């Protein structure tokens, strides 16, 4: 009984200390507008420290939003940010800027290359929130840092697609001719097409 009492007392103290810590903060504010209208963006919410002392924890939180695919004519989000600098002189000249993607050292900086030249410039220290860190990934840049995004489009999620292309699937839904050419997680042998019958061949 003494052991159990000690554990309950510790839990009570822990809960109370968390309440005391949270009581130093004001309530979370409303969510901001999404940084993008499509393609997956970020929204943030703020809270204010009510104490003259330093509050523990974060004063800002993020969530994903606008998780619908953009129409093809919308173009690449990083490319849009580079082209926004086309009408701004760089070292006395105008350039047409193209995006540099998949930078392993700093994927969330806006690096662009002048069309037809070897000139590569960092036009902004960070891309807009919601920009993909890498072209073949859902991970997105938020406040200049690459944040993990799962196939469920949630921040910090480790959920991935299975071999059948199903988010958080177990590989049991594959069909012949489906993603990766697999059925039930096993490779499928695709036979070559049958020769065209002679009767179907053009004359001559």
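Glycine too: its Cβ is placed from the backbone N, Cα and C atoms.
Listed in TrEMBL for this protein:
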DISULFID  34-65  disulfide bond
DISULFID  38-70  disulfide bond
DISULFID  49-55  disulfide bond
DOMAIN    92-174  domain 'ADAMTS/ADAMTS-like cysteine-rich'
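Comparing C-alpha positions, residue 49 (disulfide bond) sits nearest to 34 among the disulfide-bonded residues 34, 38, 70. Across the domain 'ADAMTS/ADAMTS-like cysteine-rich' (92-174), DSSP classifies residues as 0 helix, 25 strand, 58 coil.
A straight line from the CA of residue 38 (disulfide bond) to the CA of residue 65 (disulfide bond) spans 8 Å. In sequence order, 31, 34, 35, 36, 40, 41, 42, 43 make up the list of same-chain residues 6 or more apart from residue 65 (disulfide bond) whose Cβ falls under 8 Å from its Cβ.
A simple way to gauge crowding: the CB of residue 55 (disulfide bond) has 17 other CB atoms within 10 angstroms, across all the protein chains here. Figure note: comparing Cβ neighbours within 10 Å for the disulfide-bonded residues 34, 49, the maximum is reached by 34. For the pair formed by residue 55 (disulfide bond) and residue 70 (disulfide bond), distance between Cα atoms is given as 40 Å, rounded to the nearest Å. Taken as a whole, the domain 'ADAMTS/ADAMTS-like cysteine-rich' (92-174) shows an average pLDDT of 94 in this prediction. Sequence-distant neighbours of residue 70 (disulfide bond): residues of the same chain at least 6 apart with a C-beta under 8 Å from its C-beta are 38, 39, 77.
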